[in-house]
């Protein structure tokens, strides 16, 4: 079968032929329809320090997809041939304390599809049936293919009660924009998203977010005054991993504010911890999606009218995968979808 693989320990990704993966007793074989390129895939393409330490070579990559069930392991129940599915990209062990306690998203032995084991940038993918999620009929293939990053956004945004709250989202990448859109959809009062990339901020404006602020050109305190905010943000969603953005968030949070962090900062990031202490801030780390509560909420949000379509900016045939990666690497894109049909 055709597959996009990391064949060499250098920059790039290559189309190759690999065997169709073998189906285990508890697995599903999925024929891939559409995949989306994640920031993680760009890291792997660029072969940065994280990738060099993490990714085995050669390996099929990718973990954002939608497809059709074409094979079912003999011990699998609840699925049938033809089911349209996406899937949770974190494969968990099932035997650690968190897994046995129903907190599988906190599994200490998590293995990543397309990171630690073969991924979805291929004609076929095998995953445990436990990880598959049936896509409702009224959700398009395009939207289903981005459920993985959408799940990151939903998990982060819905970590706290947002109704009537003022929310700051730092980082207008696709996940940050989706998180801001979720916050607005579920009843936040003001949702402000910040970045220095004007293309991405314009995407955010198309999603109906209260205010998209280019912090290279305007002061966040001025934006708050413009919106009539007098006490600071109630909730912060840190999606950028950029130390200056996090420091600004700490400066502008109200006392008792709550922060969910999905962005990965450098290990040596320094902050003024007195702001956390004296403001009584609560900071929560976010990794992946809750299995599978986040997935049900994703589907429900779309079915209740949340429109994510503006975040999908580029579509290519898989044969034009290089154009897709070029678009992602340019910083001038939202989500990029590759069609395998």
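Backbone N, Cα and C atoms are what each Cβ position is placed from, and that goes for glycine too.
Residues or ranges marked as active site, charge relay system in Swiss-Prot (evidence: sequence analysis): 40, 43. Annotated Zn(2+) 1 binding site per Swiss-Prot: 38, 63, 64, in sequence order, evidence recorded as sequence analysis. Swiss-Prot lists 93, 96, 99, 107 with the feature Zn(2+) 2 binding site. The NAD(+) binding site feature in Swiss-Prot is assigned to 175, 195, 200, 262, 263, 264, 286, 287; the stated evidence is sequence analysis.
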Worksheet, complete the sentence: Minimal Cβ count within 10 Å, across the binding-site residues 93, 262, points to 93
Worksheet entry | Spatial neighbours of residue 263 (NAD(+) binding site) that are distant in sequence (at least 6 apart) but have CB under 8 A | 170, 171, 238, 239, 240, 241, 242, 245, 246
Discussion item. Between 43, 200, which of the recorded positions has its C-beta surrounded by the fewest other C-beta atoms within 10 Å?
Written reply: 43
Worksheet item: Per residue, counting other C-beta atoms within 10 angstroms of the C-beta, which of the binding-site residues 96, 99 reaches the highest number?
Response: 99
Fill in: Distance [Cα-Cα, Å, rounded] between residue 64 (Zn(2+) 1 binding site) and residue 40 (active site, charge relay system)
11
Worksheet, complete the sentence: Same chain, |i - j| six or more, Cβ under 8 Å of residue 63 (Zn(2+) 1 binding site); the result in sequence order is 38, 40, 41, 89, 112, 113, 114, 115, 119, 120, 148
Worksheet item: Whose Cβ lies within 8 Å of the mean position of the Cβ atoms of 93, 96, 99, 107, the Zn(2+) 2 site, other than those residues?
Response: 92, 94, 95, 97, 98, 100, 104, 108, 109, 110
Practice prompt. Can you grab the distance from residue 43 (active site, charge relay system) over to residue 264 (NAD(+) binding site)? Cα atoms, rounded to a whole Å.
Written response: 13
